[in-house]
Every structure is written in C-alpha cells, then in structure tokens.
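Novice: Below, the features straight out of TrEMBL:
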type: DOMAIN; residues: 9-185; note: domain 'VWFA'
type: DOMAIN; residues: 207-387; note: domain 'VWFA'
type: DOMAIN; residues: 412-582; note: domain 'VWFA'
type: DOMAIN; residues: 598-767; note: domain 'VWFA'
type: DOMAIN; residues: 785-962; note: domain 'VWFA'
type: DOMAIN; residues: 975-1149; note: domain 'VWFA'
type: REGION; residues: 1332-1362; note: region 'Disordered'
type: DOMAIN; residues: 1465-1610; note: domain 'VWFA'
type: DOMAIN; residues: 1673-1867; note: domain 'VWFA'
Amino acid sequence: TTTCPTSADIVLLVDSSNSLGNKAFPSMKSFINKMISHLTATPNQYRIALAQYSDDLHVEFRLDTYKAKNPMLNHVKKNVVFKGGSIKTGNALREVHETYFKGPTSGRDKERILVILTSGKSEDAVGEPARILKSDGVKIIALGIQDVSPRELQSMATPQFSYTFRTVRDLSMSSQNMTKIIEDVIQTDINDIIPTVKTTSSDSVADVVFIVDEGVSKPKSEDIKNFLQGTVSFLDVKKNCTKIGLVTYSSEPHVLALLSEETNETAILQKIQGFSPREGKANTGAAIKATRKNIFSVKYGSRKAQGIEQIAILITHRPSEDNVSEAARDLRRTGVTVFTIGIENANNTQLTQIASYPPQLYATKLTAFSDLPKQARTLQKKLLNQIQDKQYVQSERRELLKTGCVDTEEADIYVLIDGSTSIYPVDFGDIKKFLKEVIKMFNIGLNKVRFGAVQFSQSRSLEFELDEYSKRDDLETAIDNIRQIYGNTYIGEALTFMQPLFKKAREQRAGRVPCHLIVLTDGKSHDSVKESAERLRSEMVNIYAIGVKDADEAQLLEIAGSKSRTYFVQEFDSLKNIKNEIVQGICSGEACKEMTADIMFLVDSSGSIGPENFSKMKNFMRELVNKSDISRDRVQVGVVQFSDIKKEEFQLNQYSSKSDIFSAIDKMSLIGETTLTGGALTFVADYFRPPKGARPAVRKILILITDGEARDAVESPAKALRDQGVVIYSVGVFNANKTQLEEISGKHELVFYIENFDILKHIEDEIIFGICTPHEECKRIERLDVVFVIDGSGSINSSEYQTMKDFMIALVNRSDVGPDRVQFGAVKYSGEPETFFYLNKYTTKSEIVKAIQNDATLGGSTYTAKAIGYSEALFAQEHGGRKSKGVPQILIVITDGDSHDKAQLGDTAKRLRDNGIIIYAVGIEGADITELLAMAGSEDKYYYVDTFEGLKNTSVAISEKVCNDSKPECEIQADLVFLIDGSSSIDQTDFTRMKDFLKNVLDQIYYDHNVQIGIAQYSDKYKREFGLGTFQSKSELNNQIQNIKQMTGTTLIGAALKQVKEFFAPARTRRVTRNVRPVLLVVTDGKSYDDVAEPAEDLRKEGVNTYAIGVGDIDHSQLMQIAGIPERKYTVRDFKELKIIKKRLVGDLSCFVDIVMGFDISSQKRGDRLFQGQYQLETYLPNMLKALTSLSSLSCSVGTKTQSSVAVYLNNTITPVSSKFQFDSEKIWNSLRESLIDKPSHLNGNFLESLWKTFPRLDALITVVLEGASKIDELQYIEFGKGFEYMTQLTIGKRNIDKALSKYVVSHSEKLQCMCFSFSLFQGSRGLPGPMGEQGNKGCDGSKGPKGSPGPRGLPGDRGEKGLRGDHVSFPSANLFYFILYDSLGFTQSGKGGRGCHPGCFCAVQLWLRALAPAGGIGDPGPPGEPGPKGIRGKMATCIFILCDLYNNCFYLLEKPECPVYPTELVFALDISQDVTSQLFERMREIVISVVKATKIRDSNCPVGARVAVVSYNSNTHYLIRFSEFYGKNQLLNKFNNLAYERSSSERDIAGAMRFVARNVFKRTRQGPNVRKIAVFFSNGPSADESSLNTAVLEYTAFSIVPVVIAFNDVPLLRRAFTMDDTGFFQIININQEDDYEPFLETFQRCTLCYDKCKPDEFCERRRPQSPPAYVDAAFLLDSSQKISGAEFENVKNFLSRVLDNFDISSEPQTSSTGDRVAVVSHAPPGFKLRPGRSPVKKEFDFVTYSSSQLMKGHIEESVRQLNGAAALGHAIQWTIDNVFLTAPHSRQHKAIFVISAGETSQWDKDILKKASLRAKCEGYALFVISLGHVYNDTELEDLASIPLEHHLIQLGRVHKPELEYVVRFIKPFVHLLRRKEQMYYKLTIACNSLMV
C-alpha cells in the first residue's frame, strides 16, 4: 500500500471565451474565489496557480507567485477580467504543459493537478495534449458547463474525475465540494490506469428524500450539510433523473423541498445550505408519516406510478420520542426503500425497525458527526446499487430462482400460520401475500408440488389439505379465503397437530417426496415447542421458522433445528424480502443434489485489502467450499491470487477433500500491491483447460473477489473467458468499480456489489444456488405429446438397448409429466410394429420410467416406414392426443440400421409431418443418413452418432430442441398489441429476428375468438400494421408479420405510446365481462428521445398491461417507466437472445368478492331436507351459486380480474356445514343438497348475533323474498347498505334471479370501491312478539297482501302475563332470503384483533324484528299452555311513528342510549391558515379529542355510532383521516395525538373547505333515512367571500349535512349565511382561545351530535330565525314537452308538490301584501310554433288562484298533464312575465322564475329565449334553472340562469326521486336568501341599457 501525498501543485485553467460570455463571467470568478477559499493554500500543502484561456493562454499568476490565500483572492477580484475569443482547449492544454508542468516536481510526494473549466466544445483536438499531460503524471479534473461535450470532458480527465453542470451558477454552488474532489484525485493511483465510463444516467433515476433530525448543535449541523451536499453532488439531479426531497424535524416535521419542486442540483443545494438547527423533541414517527403523506405522493411529484424507485434516507442522532415502527411500516408498504443513518445516541433497535430489510444493507450506525460527511460516497454507491437492483437485478435473480425450483418436481409443503390476536388484519394480509408469492415459485399439481395450510392460535384450523387444490390459481384463492381466527399463541400444540397431516401425506406418495413445513409467528409460544418440533424433524420434515416482531428467536431455533432455516424480520411487510431465501432453502435440496462443477476462485490480494479483510475473504471461500459436494466426480475447486502479479495457490484437481482445501486456503498470504484484474483474468483462463485439472463437459465457474478498481482492461479478457463457457461471479466491495464488475460477469445478476467484507456471509447461499442451477434456455419440457418409435431389431444387443432406454429416460426426466402437461407414448418395432404404451396410459414420470426400464428387445428385421405409419394412430384423441387443444405432437425415431422398407419411408414420414407431427430421427452406427433426413424433413431435426455411447451426449441436444418445441399452457383472453421498434439502429437481420420472435410468441398461445392480435411499428413515425382481430388464423398472422417492412428513423417511444392507444377502448367504456385483458408488448433496442413516462402511465390508467422488452444497450429506467413494474420488464443482450424469454413472457401473461349465504327456515322440523317446501329455491339456487362464484363483470379497477367466493351459514343442521369461503359452486351445492334440519330457525337477535360473530364485518343487510311472503314493502326497515335502492326488493320468483343477483352484487361492490364483502341468504322466520309500547297514532292504510301460507305446528306456550296495549304493525310472513354484505378487509386494527358488532348494530335490525313481528298463518295447535290475560290490541302506526317507537324500544333494550343515537358520519375540519399558531392548533386538537372521547365510535360496518374523518384547510383542503380507514377509538385518538402542526402562509377559505367536505368527504358515506352527517369546522377568523359561503350553506341544506363552526374570532359573514337555515341545527360556537371550552361544547353535544329527534331534549329548543318581512312571487315553468318521459313527468309533478312546502303561501293572495304566491305554467301545447293567437303555454294556476299549498298540490296531482309539444322556453318566460307577474295585484318585493328544463329549447325559440331571459334579469327577476337528464346545452343554461350560477343552476343527470329531493332541500334556503333586500338581480347594466334602446 502506497502513502498518499500530503501536498500538491494545483493549476486552475478557466474558460474566458465567447462561448462562456461576459454575462456569465462574474459567476465564474465567484467559483474561483470560493474554491481558493476552501483550499489550504500554503507552500507546504497546496500551491495554486491560475490561467485563463480562449484562443490563447493568459497567465494570471504562477505556482510560486503567492504564498497565501488573501493575495490570490485580491488578484482575482482586481485583475481577472473577461477576455473573449474562440474556444481552443487543446491549445490551452499544450501551453499549460509548457508553462506550469514542464519541469520535474519539487519532491516525490508533490502531486500535480490541473483543474480545467470549459463551457463548450473545443475547436481543436484535446485528446493528445491531455494524454501528454497525464503521461507526465498530471492528474486532470475536468469541469464542464453549458454546451460542453461530456465525451470531450472524459477524454481529458483522469477517469471518474469529469463533471458537468447545467449553468455557471450550478458550478458555483458546488465549489465547496472541490476540496473533497482534489483529495480524492490525489489518492488515485494513475499507474497503468485506463479510462472508465461514468455511471449512466439511467442507473440514477430515483426519487430520493432525506429526513433529517434538526435538533443538533450548529457545528453538527455543518457536518449534516456537508454530508447532504456531498451526496447530492454525487447524484445526477435533474428533472428526468434523480429528484430530491428534504424534510427536517424535531417536535414537528418541516418540508423544505418537495419532489415536484427541486428538479435541479442548484436549487436543492441552496435548500440544504439554508438548513439550520431547531430545538425540540425527536418525533421521528411523525416526520416519517409526514414524508409519506406530503412527499411520496403523485400530487407532490412522486414518480412511483412510473416504476421509479422511491428512497427515503433518515438521519438522526437520538432515540425517537414517538412510535416509529407503524409509521415506517406504512412508508415501506407504499413501496419506499428506507435507509437509516444513526449517529451518537441513536437507538439501534429503532433504526432497524425503520430501515428496509435486511438491516445490514440499509441501517448504518456512526459514532460521531465528523464521520458523517465521509459517508456521502458510500451512500451514493448504496443508492445506485438499490436503483439497479430494483430496475433489473432482482427480477433476473427471481427468474433464476424460479428456474432452479423447476428441479423440485415433487414436494409436500405445509404452511403453519399464526392467526393470534396480536396480528393486525393488515399484517395478516401481508402473511397471505407472502404465501401467494411463495406458491408462484413452484410447479403446482397433485403429482408435483402440493401445498396445504393450517392456521393456529390456541386452536387449530385446517384451512386446506395438500390434495385439495392442484392449480396455482385455486391455491391463491384458497389463501385469500383464509379468515383470521384470533386467540393466544400455542405453537407446540400446532406442531403436534401437523404430525398426522404429514403422515397422511407420506402414505399418499409412499414416503418418496420431501416434506417441508413453513412456520410463521409473531410472538412467543405459550407452550413448549422443542419436543413436537423434534418429532416432526425426526420424521424427515424440514422446518423453516419465520419470526416477526415479538417472536422469540431462541424458540424459532428450537422449531427449525438449524440456524440456516431460521428467519426473523421486524415487520410483516418485510416478509416479501425473505421469500426468496425460504424458497431457495426448499429448492436447494433437489437443485444441488447432482451439483457438478469446476470452480476457480480469483482472489484480489492487493494492498488495499488489508489482513483483516483478507481473512474474511478466506472464510467466505471456506464456507462456499463447505456447502459444495467436493469430490473428483462432483465439485472441484482451485484458487489463484492476484495483485500486480498472479499467484497459483492450487489447481482444480489438486485436492479432493474439504479438509485439504481448507488447509490450503488457510496458508494463503496477502501479496499487497496494485490491482491488475485484466491480466489475472487472462492468467486464470488456462485453469479451465484439462492440463490444469479441468474436466470436459463439466460446468465451469469463476468467482472473482475484489475490493478495488482494475488498473488495466478487463472487458476483453472476461469476454474471452465467457466465450469458453465460463460463468463469472463478480463479488466486489464498494471500492471496486461496479461497471467493471458488470463488464467481467456480462450479466447484472451475477454481480454482487457489497458495502464491506462482513456482508460476504449473506451472499453465500445465493451463489451456491446459482452454481447448482445454471441458466438454460429451456429448463423443462412443458406441454407436448411425445411418441418414441424404438428400433427393437436383432442388430441391437441388450447393452445397446439399455443405452437407448437411458436416452429416453433422460428425456422423460426433463419433462413435466402429467395428463395436462407432457404425455409419452411408445411404439416398438422390428418386422412388425406394436404398441408399447399409449399417451394416456401413464400419468406419472415414475410409471413411464419403470415401463421403459422393464422393456426388452424384440429381435428381427428393421421396417421403419411401417412403424412410423403405425405410430400415427397413437396421436389420436382416443389414445390421449391433444392436437385439438393446440398441443404440439412429436415423434422420436431411434434406429441403428437400414430400413427394409426405405422406399415408403419418405412418403410416410411426410404424411405425418403434413399432419403437424414433428419428427426427430436419431441414427446410431449403421443408420443411413439419407433415411434419417427423409424422416426428419430438415437437417436440424436428425442426429447421427457413431456409437451407442455417443447417444448419451446427443440426448442433451435433442432434449433442448424438444424443449423449445413445447408450449406452456396459455389460454389467455386478451387484446394483444405488439409495438415494435423499426428505427435505423436495428439492422435488417435483427429486424427479421424480431418478427420471428413475434411469431414464436404467438405460437405459444392457444387462442380463439378470445384473443385478438394487433401490431404497430414505430421509429420517429408511427404506423398501424393491422388492427385487433383483423386476422384470426395463425397462418394469416404469420404471413402478415413476415410482410412487415422496416420503416427506419430515430426512436420516439413516447409518441408511439400515445398513438397506440387507438387499439384500446377507454376503460370506462370497455366491457370486462369476459375478463379480456388489454395487453401491450413494446420491443425496443435503445433509448427514446422523448418522454415515455406520461404516455405509459396514461395507458396503465386505462387498464392496459404493458410489457417492455429491451434489446442490447438500453435505458433501464425508461424501460421501467414503460412497464411500470419490474416483473413486466425484460432485457436481452441481442436480438438472437429474444427466443430465451418467449416462454417466460407468455407465462407471465384481483379483486375478491366474498359472499356469505345462509338459510333461515322457520317452517321446517327435525329430519326435513334443507329445501323441503322451497321448490323455487331448490330450482334456482345452483344457478345462483354459479353466478355468484363467477362475477366476471366486476371492475374494481382497470386491468383487474374478479374472484368471488361463497361461504354458507347454517346453525340448525344435524351435521354441521362448513362456513369457510369456497369458490367451487358445485361443491357448495353438494354440501347443501343433502343437509338435514335439526330444528327450525328463527330470524331473531340470537340468530343475528351468531351470524355477526361468525362474520364480524357486515357491510349491508339485504332481503330476498321467498315463496309465501307478504307485505314485503316493510322489509326496507331492517335493511341497510343499499343506498338509494333501499326501496328495491328482490324476490325468488324474479325472472333470471341469478343474473339479477349478480348484477346487484356487482353494482354494490363497485360502490364500495371493490372492498371484499359478503352476502348472506336467509329464509325469514316468524317474528318474535314486539316489546310493550304505548298506543300509537293512527297509521296510514296499507294495501291488502296475499294470503299467507300455513304456519308450522305451534310449540307449547308458557303462561303469559297481562300485556300492555301495543302497536299493531304488519311484517312479511315467513319465507325470506337475507343477504348480508361482509367487509372482510375492514377489520379493526387493535391489539385484540377485530371486534364483532356492537349490540346497537343488532338493535338496528332487531328492533324491526321485534316491533314488526309478522302474523303467520294458522298452524296446528300445540299442547296448551297456561292462559294469560289478553293484551289490548294496538292500532296500526304510521311509518314515522314506527321509526321513533322502534328506536325508543331499541334503546330501552340497550338500557342507556349511547351518543350518537343514530348512525353518524362526523367530519372535523382544522383551520391551518396563516394566522393559526401552534398553540391554537393544539387547542383545536384538544377539542377534537374531547369530543371523540365522549362519542361512540363505529369500528365496524354495523350502522351504529359515529365514523370520523378529519381534514385541514387554508386556501386548500387536505385529508388527514378518511372515513374508509375505519379506526377504532383508541387508534383514532392515537392518530389525533400524532397530528402535527404545519405553519402555513395561505389564507383562510372556509367556504371552499365546506364544499370540499360536502362533495368529497361525504361522497361515499352510508346512505339511509336515519344516517346523520355532521361537519365541525374550526375557524380563527372571517372569510372574505360571502357568495361562496352562501353557496356552501345552500349545498349543506341540500345534502342534509349539519355544519357546526367553532370560532375563535368573530365570523359575521358566516353567521349571516347561517340565517338561511330555519332548522336551528346550523350552529356557530364562539370560544375564546384562553377559556375553558367544555361548557361551550355542551350545546354541540346535546343538540347536534347526540340529538334524538324521537326524544327531543328540552335544552335544545330550536330558535327558528325570523324571516324578514319580505315575500316572493314565484312562477314555476314546467317543461311539458316531448323531451321528458311520462314516468319522469310524474316524478317532476311530485317534486313540484314537495317544493311548495318551502314557501309561506299567502292565505289572501288577491287582496293581501303578505305571504308568498306561486304560479305554475307548462310549455308548450302541441302545434304551437309561432302561430298568431296561440298561447305558448298552458297556465296551470296563477298567483291568485289558490290560497293554500294543499289546494295547489291537489291541482298538480289531478289536473297537470303532459302537453307533449315542442319546447318553447323563451316564449314561456316572456308570456309568464306579461301575463302572470304584470297582471297580478299587490306584486311582491321579490320575483323568481323557476325553470324546469328537460333539454335544449327549440331552434326557433332560441333568440326569444336570449331576449326574454335578459329582460327578466334586467327587470329584477331571479331565474332559477333546474336541468333534468343527460341532454342539455351548457351555454344555453348558463346564459339563462341568474348569477352566481352556483345559486341558480342545478343540473341533474337523472329524473329520480333522490335527485329531486336534493333540489327541494336546496330551494328551501334559497328562498330565504331571496328574501334579503340587498339580493339584487339587475346588475347587467350595459346589456340592460342596450335592451332598452
């Protein structure tokens, strides 16, 4: 190791040319000043010189001119001036060499450094003068700005010391980094150095956010700034590369830089420079949460949706004072990779909890702040490593692992998963995701790898056995159907439970299959695990123990029995990170069973290694050797060391035992010089040849271990090695050059780039597994029909015949044998052929191998043609042939001699080939080559070997060919579009290869009408080659592909992605009933010159699944942006390798709905069948089940597929029926069909409670009426969750009930945004007696229902007491289905797991069951009970009385009603505008917490209690907590406690916040007549816009939302706006900031939140605001034209009647000036069209016709009829003004025309309409427009209505009652607004004046 020089001569050569310009020169001088200031300028350390150049050199001062900094700085300030001229950098370099560097150095340790700064491309050559300088030992740092050529910079600079900056300002900001750069270049050894390429920009594309603890001292903050500046300077910070975000925190987080803002290095460096310390607590969790919400979101610039890596880096020096694990887990779950750097007193446990897994890669601990700046370069390498890993390494290694697991053909794997209460449901979801990912790595089948699952807590639940599911999709669905069981953790009992399951498995497969158990737990077991685990292991079960969170690691080791099978992660989201390790452990046994290889270690022994690390390298080699099967026949190992020399330690064949190899490794000693890796690679090549011990036909592996950059060329010698077939693993620590390592290995996935030598032990298993499973183009023959034609003639002896049998067995062993995969048949022949076995005779590999092994020769002559002709019959369908299913058919003929019927051979073979059978001909010794060619038909399909022994080697080549002929099972339903690169960078040969690749991909797909193919080509142009479905046959498609002509040009993928959208219909219109996937496959060979991210994301938003294939030197980040996820990104080195990925691509080519079905049948007795007496149900249920388990039309989100499952709920059968979710409708039907009833069921509280306990998250209750039910209209009162369709009733007799049911499920599923939920189907029971109540008011008369069916024989009755007078209400008689939607995702995240429903939820249903008890039919009399006095019959109650009465009864049952009484949606809006202080924010938070503590919080889907959402607002409104997050009270309070104050400079807009809450937050709330919506707004002051406040109040009334404002200052405009409300519910509560708020909250709690309309609190007597003494004349203009349907017209009439209640109708309209007056006018009569004398309207009644609203309503109901004429709105307005308003006496102060429009007015009426509406406005009329339906003219409506439009125009999409009710409620406060005197409607002065002229 050489000593680094301590001094240097530094020459600054700066550009002063016209290219830089006079304007930029001051910034250049600033850079020079700053750089000199940062350097230690003394004669003993750094001597500094300065020169300028343009077309000549100008010397400013020499190295010995100044001995201190100040004189230099003065010279720069006074004497350095802009020169101007052309830019000749080459000339400047020559003159610098002559002027400054010609003579010898002043001492051996004096370095010579040239810092050149240039602004453009030189007019002369720079390469040669730069080379001369470097050959004289001068190190060059090249800095470029503006229009500089990066290539030119690199050619001048010492490798890795060229830098580009966008502007001189950017350069100036980086001046502080020059000291570090100079130190680095001084330490760089330039002996024998060769240029290396700087990291490409595509490898540095990421969103990187720093989270920095600011609670430090000033000096330490400088270390932090230096670190941040250093790290940022190393990254490629600009818009399309690396984007930086910055968050600082102490007590509260502060966002200094958003990803959307800081897109250049200068800006972010300025933000870092402004970083300063701030005192406060260390609330790291809050900072992480704020980062997730406010930084890593698309809104603020995150590019996650584009597939860009998301990285967070936390820097802290102290323990956090809040919870970090939950916040960090949530951040990681969003896909963010988290690095942690802890300094000084940072808590190691917390750092590990926060960091991504594994912690040794992502968590760093430093002892002092002074160490932090040195970490910048290390962190940069970590970041680049992470980005590259995500972009291409991980997906390739995953594919290698999956390939290796193909060798695990048979295995029995059980998963034993912890379902205890300590696991949150979201964590349980992570477990299920983990299991599904594990399953994807294996070949699933009954005779292959089988999976079973058991869940445990204190009980055990066998979820599914090994033989239950034989398809991967079914297994994944079964895992999704697992429901957490909760309880305590008893692992020992669970392990004991597994023993008989594994015993059964061994019996099923005769004990020949390896058994594995994966145990997953998050806690310490309450019982002993050791004994039961040892018993399982003694029975040859391999146990893998995975611990999470609080799992006991000692117990995990007892369970697994081996440290190598023990795993631990901090959080459940990290399970995905250990999935590969688990799978690798399972697969290693088979993959490495026959491991054979020659392995050479090439070990860096240079001085930079050091003795300690050299020892770690030796231990690494020892471990790899220890994990290999060392012997002469299996694995051989050799070692070569290198530095500047090469040293052989031992050759491959020198040692054959591990102990000898260990001894030789231990004796190795360090060489300790420079690193010449290229020469070492050339040297080691000889060791892979036989003279040095290598073996022919054995896998060759080289493992390079290095810690430094090679000083010589590596690419060429490495390629030479790879061309010899050597696979090179490159292991380098961070001082190594990763680009060089990739050049050496040739593949990214073979490079292991690690931070230090300690991490070597973590990569051992991965390297060993890679050696065991080399990459092969085709690992397994997947789907074929293969028939052997075996020559059994007398010329073949038994030994030779055995060789033939071995050849066939080798092919069978490489195949995936099974009825749906590869089938084998065989024909033997000599003189006559005979069938050996048909394709469908044997279904397992072992059976086929056994049959072949037991075979013997026939003897006789050779008649090959006859045998081939005979073999054709074996491919027939009756013998197992699958040609009709698209399965390729292959005939393999093996013969050793001439055929006696050679004349027929060619024609016979051709007939088979013409029939689609591929023939391979294998000839041995005496076989005739012409015959072989005649059979095969082409030279690539026949093989000839001289000896039978040679047949062994031929089997490999033939199996490779056959493997490529096989097809995966790919019956996709897709619109498949290929977008192919036709740019000029692809030569004609490669373009042809690409077209062949397309044909090969299509050949892998078995398709019919479900698959449509389209192709487009692009370069800088775009061409649609042919559209989807144009060609349906493969031959047509292949011909069309072959005819595609290359277009040439440059590469613009982004433009092509925009245009290729033409192939795909928009997601909103695309039908998904067939689950047809839109798939786009993009092929490119280079970098696109336009943006690809946005168009690619647009395609994904439309549901298009995009796959990206990159060929050659491509931009990985662009490819990732196109594909979106790594799994859809593929890369190959050249077009010849495209064939490698065809099967993987095709193989890669949800949403879940859970439905609970139960039956409650009261009319049955013990022993009856379930469906006895329910014939319609028995008939329709199979189809209903089938429909419900195949909901293909549900589109939860674009591009997803639906999986629905059904569980059965029955609690009254003799034999229990399973309540697990299943997706096989036939299996469900069979379980129900023969079920026998134990006792009748009753739909009562106990029944519902049992149901709720079984399925604790019910999202809705919907009834379906069966035969014999009556008065079904009242069922709506026990239903919830149906929204606006609560009046709709399903019946079993409905036509196509199965389709109607599916449609209903789908529509409600999509309303819930595709949450998982369930339905229950029940038959209703006879109701229980209602609770005693007082006599009700007289109710409405009901219609007579059909006669009820006879009831069952009654049971003996108990003696009754005298009853009180009760209410008489009707309820449907027995026989009902009930559906119950079940939210299986919405579990409460509490420590005790999900809770069942609160009794109030039962109350919401039970109260109807009790009070609406049906009167059943008369049953047979039962044994008499003791008589009780008769109760008094009650009268029928009205619906409204029933509602209140039921709630009274309900809460009587619950003893004390909770607050709120009714289901409530409660929103808090926190004011965070500019005048809100942290103290005031804290007060708001305290008030919210106080309210929530006193409130019943709904923590499930039961319609009881309050759901809470929180927003914050200033000029904008943001979500803090959403309703959908469903927090329990404790968690909700924790959320509130973690809300952080954020300082804002924005103004207050409470009106905007109110509208946001109404339109967004309340958008998807629970609907129903009793659901209350309350919004509480905090305000610290007035809002300026009165009109917006009025709009908000109008909408709140219309939406039935109650607003409450807690004001800390006066809000006069808001108080004024609230006077529009006449209910008294709208409240403004003024609270002084210092006063106790509890007394003020009492009014809110008693009179709003807890208010019971059935039991009004006297304290809350509503003060109705007095209406001002101003009245309204209102005319309603009713569109009665043909544009509105009859049914819609009836709805509008009903609306008119309802809206009349909003007016105070005058009792004396003719004579009095008090009271409102209303007129109704319809338009236009049939035939009216500008006919003189014809009225354009029908006057229904005018202002003086009626004196009460009841009379008006009667007229509307009885007399208003649709006119069905043409619309004439303009004429109608004009007529109404002239004939209604102007003729009425005693005109009111305010005049309003309410226009009800069903569409655009007639063309001939448009001009009149413009004039009439303008006239009306000018004369002071308010024009209020209600637009109905989807057809309208926006401009016409907006011109018609008064302003502001928000007050006067409502557009309804549908003419339905709920929508019209909104308008009724809207008009009510509008009328109050109208009454205000200052509300004027004649502000159109100019327009009105022109009208009067």
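Sequential numbering from 1, following the chain as shown.
Glycine too: its Cβ is placed from the backbone N, Cα and C atoms.
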Novice: Counting only pairs at least 6 apart in sequence, do the domain 'VWFA' (1465-1610) and the domain 'VWFA' (785-962) share 3+ Cβ pairs under 8 Å?
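Specialist: Contact absent: fewer than 3 Cβ pairs fall under 8 Å.
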Novice: Is it the case that the domain 'VWFA' (412-582) and the domain 'VWFA' (785-962) touch, counting contact as three or more CB pairs under 8 Å in which the residues of each pair are 6 or more positions apart?
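Specialist: Yes, these stretches are in contact.
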Novice: What mean pLDDT does the predicted model reach across the domain 'VWFA' (1673-1867)?
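Specialist: Computed over the domain 'VWFA' (1673-1867), the mean pLDDT is 89 on the 0 to 100 scale.
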Novice: Any chance you could find the range in 207-387, 975-1149, 1673-1867 with the most Cβ pairs under 8 Å to the domain 'VWFA' (598-767)?
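Specialist: Checked against 207-387, 975-1149, 1673-1867; highest Cβ contact count belongs to 207-387.
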Novice: With the domain 'VWFA' (9-185) as the reference, find which of 207-387, 785-962, 975-1149 contributes the most Cβ pairs under 8 Å.
Specialist: 207-387
Novice: In the domain 'VWFA' (1465-1610), how many residues does DSSP assign to helix, to strand and to coil?
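Specialist: Residue counts in helix, strand and coil order: 53 helix, 36 strand, 57 coil.
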